[in-house]
Structure formats: C-alpha cells, structure tokens
C-alpha cells in the first residue's frame, strides 16, 4: 500500500478503495450467475431446458475458465486491466440479460461460456487491485476482504433471486439483475474515464517506476519469486481447497442432510425440512466469507503464510472427518462450520501468497493459479457425487481429507527444501517508516 514519504507528509496508507470498488462491482456481476444455481434446477421447464442440461449449464462456466484464464491474462496485460475489467462487466451484464431472454439450451450454453470468460477477466483484475492496494503486512486481510465483498453478490443473488422468482417470476428477476449489473458496468466505465486511480491498475504488477515505500515491514525483494517447487505447492493448494470446500462439500451438503438426518431435521424446539436446513448450511458459507473474510485473512499477515496454511489445513481435515461420521444436526453444523471457516482462511491466505509470488510476469502466475482453483472447483462436485453414489458419503469426505493431507505434505516438503537449500530470499533493510511489528 503506497504512502507519501515526502517530508511533513503522513505515512498513513491510503484506504483500499480500489480493492473494495472492484470487488463490489464483481458482486453486482455475480447476481445472475448465483441466482441460476439457486433457481434453475426448480425452474428448468420455464427456461426451456432439461434436468441434464441444467447440470451442464451450471458447470460449463467453470470448465471454460481452464482455457480463458490464460487468454484473459495475456489480453489484460496487452490492453490494460482497467478497460479489460470494464469490458468484462458489460459482458457479464449481457449474459444475465440473455438468461432472461433465452428459451434455447444452446443460447443459454453460449451465455454461460461467455460468463466464464467474463469471470476470468474479473478475477485477475481483482488480483491487480489487491496488489496495488496492499503491502506484505496486510495482503491477507485485503484478499479476504475482496472475497467477502464480491461473495455478497452470491448471497444476494441466491436468496433474493429465489424470493423474487416466487414473487414476480423467473425472467423478470433476471432482467432486474441484468439492469443492476449493467449499472455497475456503467459506473466502472465512468471510473475508468474519470477516476483511473479507483480502477484496476493498467498492469497487474503496477507501473515500472521504482517501488514506493510500504507500511508494515520491508518491501519484498525484486525477482521472479520462489523456485518452481514452491509455486507447484501453491497451485496444488488452490486446486485442493476449491475441490474440497467449493466443490465436494458444497455439492454434497444436501445429500448428507437427507441421508444422515432424514427429510425432516429435528432441532431444539422445532423441526426444519431437509432442504431448508441444507440452505441454512450453505448460506452460512457465504456469511463466513462476508463477515470473517478480512479478519481470517489477516491471520496470515500476523502468523505468516506457512503457519496459517498448516493450521487451517489441519482443522479443515478435522471438520471433514467430523462430517464423515456425523449423525446429528449439531454434528453436521459443527463440521460444516469448521470447513467453512478454514476454507475461507485457506482461500485468503493462498490468494495473498499468489499475489506476493506473481513475479515479473504476474499474468502468467495468476492465470495458472486461478486455473488450478477452477479445476478443483469443477472436479469437486463430480468426485463427491461419484464417491457418494458408488460407496458412501463417509468415503467422499475421507477422500477429501486425504487430498488436503497430500497438499499439506507437499507444502511441508517444499518449505523444508527451501530452508535446507538456503533458498530463502536475502534479508532486506526494514522500512524506516514502518510501525513496530510487535513489543
């Protein structure tokens, strides 16, 4: 986070306006996408698609990002991220409008593919905003803040989308959300023209000028970041976290509730339907991102990335094993809460590390990182449902715990190799303007 170091000027960092505004506009763009996940399975005939086609439509946007992330990285660096972000927001608003107009599977499929492309640009632009606004001392907090802010769009899209669909209809709700997304794109266009300082930076790694002083400790040394084995551990972490938390556990929560608790869930003083209880569990995930994303991300700023990753992975494994044996509503809620909390911590910590390790070619590193995460998110639901149907839900959750254990071992081995080989970056002089880091 850059500060003014001229004599007589305050060393207080600028507020992270760029990150907050970018994430807010992403939340507007997410409204239509999140509404589809909540509403389309129940309104498939009204949309003109079959149940099988619904599954394709709700997953194809993730699969296409395995290709479009790299395309977005190259294009954004060439044309500048401010205008790439604006174009992506307009494309996102257009796809939401198409959802409301289309009654053909193929037109909806094209819109979902376009949405995947749009989200690739938006996600990488968000990394640019985080890099521009943050220092090593607060990068985890800002990564968690950004995730929480744009996930508010997911929460509103799912909840308000369902309520409005029942009140005014499927297509009118999508048109309303398209208008809101379009208003966000219009605001982004104005910002790119009039206030470029509040838009994603032209390049992900900022201008080529000498680095500014930063609050919160020494500035990271120049270079292309850690050795390949450490980058591989980062990509594996993104893959494993999204596969387990965003994919497998999220996709099987409803199945877990029905199989373990029945169609009616007994709670203290009242009974709740399985669908409603599952909805509460999934809504809790977005609330954790929204309310606790920044403070959980800040843990890695204080504890260090490696320690935070090790602790969060261990606790997430405990949560998964608890879900594998849960037979009561309290056990399901407790296991899910632990998975959601640690998942948010892992996502913010890994995002912060990806931003720090972007190197001189950030578009390449960040595109690979987001592609690894998208691969996990796309495979998670397939793996979870396959294991649950072929064997049992306990097998699915234990397999997820095994995947996270594999990541922990690779991460620990990479960290040990770094310390053994002496590949830790040379120390740098502390910033004389930085506040004391401790007593």
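Even glycines carry a Cβ here, placed using N, Cα and C.
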When TrEMBL marks a stretch as transmembrane segment, which of 213-231, 270-288 is it? 270-288
On the 0 to 100 pLDDT scale, where does the domain 'Major facilitator superfamily (MFS) profile' (18-417) sit on average? 86
Looking only at residues six or more beyond either end of the transmembrane segment (47-64), which have a C-beta under 8 A from one in the stretch? 33, 36-37, 40-41, 99, 102-105, 108-109, 112-113, 115-117, 119, 170, 374, 377-378, 381
Can the transmembrane segment (270-288) be said to touch the transmembrane segment (174-193) if we require at least 3 CB pairs below 8 Å and skip pairs under 6 apart in sequence? no
Between the transmembrane segment (309-326) and the transmembrane segment (366-388), are there three or more C-beta pairs closer than 8 Å, counting only pairs 6 or more apart along the chain? no
